[in-house]
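After the structure tokens below, expect a handful of questions from me.
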Amino acid sequence: MSERIRVRYAPSPTGYLHIGNARTALFNYLFAKHYDGDFVVRIEDTDSKRNLEDGESSQFDNLKWLGLDWDESIDKDKGYGPYRQSERGDIYNPLIQQLLDEDKAYKCYMTEEELEKEREDQIARGEMPRYGGQHAHLTEEERQQFEAEGRRPSIRFRVPQDQTYTFNDMVKGEISFDSNNIGDWVIVKKDGIPTYNFAVAIDDYYMGISDVIRGDDHVSNTPKQLMIYEAFGWEAPRFGHMSLIVNEERKKLSKRDGQILQFIEQYRDLGYLPEALFNFITLLGWSPEGEEEIFSKEEFIKIFDEKRLSKSPAMFDRQKLAWVNNQYMKTKDTDTVFELALPHLIKANLIPESPSEDDKEWGRKLVALYQKEMSYAGEIVPLSEMFFHEMPELGEEEQEVINGEQVPELMTHLYGKLEALEPFEAADIKKTIKEVQKETGIKGKQLFMPIRVAVTGQMHGPELPNTIEVLGKDKVLSRLKKFV
């Protein structure tokens, strides 16, 4: 593209970084970086009553964790600030006055009760609810009368009639709206704060935003924003609206959906890797060419093509996320995965709160056993249950294995050799099992399966010698003794 690409992610600090918002930020970031453009983070904080104390800092912290490095924001002013909407009143106020002076906006003194009554009557008549324009042409005398009654006005934009607003959406194609279906809408609330659709259009223009990429739920906001651009004689940015994210039942992803964790913070807490979430979220509504699904951030930037954004809803597949994270887990060194797993082991009282070096070394060996199968670091706790609790009651299949004819002989030989073994390490344990094989003539499944069942209570699991080392000599001998 010949012009400089500038995109923005504009969260509200009324909440934490949600999967849907993370996807919006991520697609904007990839689009900007692909075209060597600017990724701007702007804070839409005018809803002061709902703002969370740590909402803003949480947004930035989680964006940074995901690897989304912004070019401009509250900490990097490149001349387009302020980057908080609440600090941009000096920009909005003259423009509001200009619209009033040009009769493109007017003061409306209707009360909430009057507006609600109008809405109810329209619905009862089967009409689409919209403001009827009762205060669109007040006389000065009428305005003064309302002021004297103590009514505080909102300011409404005067919607042009019989006009079609059309834009070419980069995802959905051409979309049109009839202005006659849109009532005169509020641009400034009674408390003097500009509304979203007014402020966002002003901000995008003054910040030189070239492309607005956002969720499907913003399509209906676009004609109102186009009206603002038209009223000031400005060129509008290009728009792209991403498809919905749906759950596995194909229903819109809702914050009330208890089946799916909704916030990036929750995945961090469970021990997911940022690269894996970056990868997984990028594939929610966008697809690369070919079959490959695992890419680095740099590879995604290189191959990102907005033409491959999907019109169809993107399904949040939990199994797919587990698979993607597991692919990244396998590539990490054990120390990295152990550091992610350590808080979970401590929380479950499986490792002391202030672990010694010996505790940590044991923990690393435990993590190494399961690293290739872990979906996330916190999964180490349920996976390694056998190391910390009494053996579960054996199932029918396990009973059949442990009741084999050669098992007593096998266990007697193994017990004696392991009891004398020092140091109790995987390499020596492996040799010991081979010695037992030679001495007894028992081999293959008849050798390994009874040993595994005897010490773990399970038919399958990680490398047997390593498992025995991590279980520890005392626990292994105690469990073997039952079958000698």
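Using the three backbone atoms N, Cα and C, a Cβ is placed for every residue, glycine included.
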What range among 172-176, 247-251, 252-256, 287-291 does Swiss-Prot record as motif ''KMSKS' region'?
252-256
Same chain, outside the motif ''KMSKS' region' (252-256) by at least 6, Cβ under 8 Å from its Cβ: which residues?
18-20, 244-246, 262, 313, 316
Taking all residues of the motif ''HIGH' region' (11-21) together, what is their mean pLDDT?
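Its mean pLDDT is 91.
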